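Questions regarding the structure given below will be posed in turn.
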Amino acid sequence: MKHIFVFTLLCIISAIYADELHCKLPDANVPTEWKTMVSDCTRKMRDQVNTELQAAMTYLAMGSHFLQDTVNRPGFAKFFLESASEERQHALKLMEYLLMRGELTTHIEFDKLIDNPKPLATSWSNGVDALKSALDLETKVTSRIREIITTCEEPANKYNDYHLVDWLTADFLDEQYKGQRDLAGKISTLSKMMKEHGVLGEFLYDKTLL
């Protein structure tokens, strides 16, 4: 009982003096000349983090939809849950790039960066419907990335961010175009199978995604 009393007393004292005991370091006064991203370019990059997270949430909703016992398409669920993980990685890569360029320095900036993204939908009529939604989503994500590239190499800014433009082109656009082609192929194959065999065609195609 004595130990409990002492522990409780220590907790109360810690709570009272928490602010006083908090380590507060002075500003480092680091030079800012190395931060060369223009404001429009930075804003577009931050917006893209939210776009990627929204895509991740949408794919997560798709995966959950196909995992339901009333739908039971484990292949589609696996495919979309893996896609959700990829989109989260994209958001993380964008955040890491912004950190590298010195554009995320406070917790307030992080709070604004992740603005409660929600899935664009939560149910789909069948596999073809979900794949078409995914292709539409990826097309919009690609368009947003191209907008960033256009903004960051805009001559009116008097600063062409060659490094960022090359990075987005090599690391993001290439993957986006390949992903879009993959989805288009899946839609084509599944549509033909369902036209000939209906729900059985979807069931059989689902097995190829496992």
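One-based numbering along the chain as shown.
Glycine residues also receive a Cβ, built from the backbone N, Cα and C atoms like all the rest.
The annotation Fe cation binding site is assigned in TrEMBL to E52, E87, H90, E138, Q176. Residues annotated as domain 'Ferritin-like diiron' in TrEMBL: 35-194. Annotated signal peptide per TrEMBL: 1-18, in sequence order.
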What residues, ordered by sequence, lie under 8 A Cβ-to-Cβ from E87 (Fe cation binding site) and sit at least six positions away in the same chain?
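Correct list: E52, L53, A55, A56, Y59.
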Compute the mean position of the Cβ atoms of E52, E87, H90, E138, Q176, which form the recorded Fe cation site, and then list in sequence order the other residues of that chain whose Cβ is within 8 Å of it.
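Once E52, E87, H90, E138, Q176 are set aside, the remaining close residues are T51, A55, E86, V141, F172, E175, G179.
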Calculate the per-residue pLDDT averaged over the domain 'Ferritin-like diiron' (35-194) and state the result as an integer.
93
Across all protein chains in the structure, which of the binding-site residues E52, E138 has the highest Cβ count within 10 Å?
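Top count of Cβ atoms within 10 Å goes to E52.
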Which residues, sitting 6 or more apart from Q176 (Fe cation binding site) on the same chain, put a CB under 8 Å from its CB?
E138, V141, T142, I145
Could you tally the C-beta atoms, other than its own, that fall within 10 angstroms of the C-beta of H90 (Fe cation binding site)?
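Cβ-Cβ neighbours of H90 (Fe cation binding site) within 10 Å number 23.
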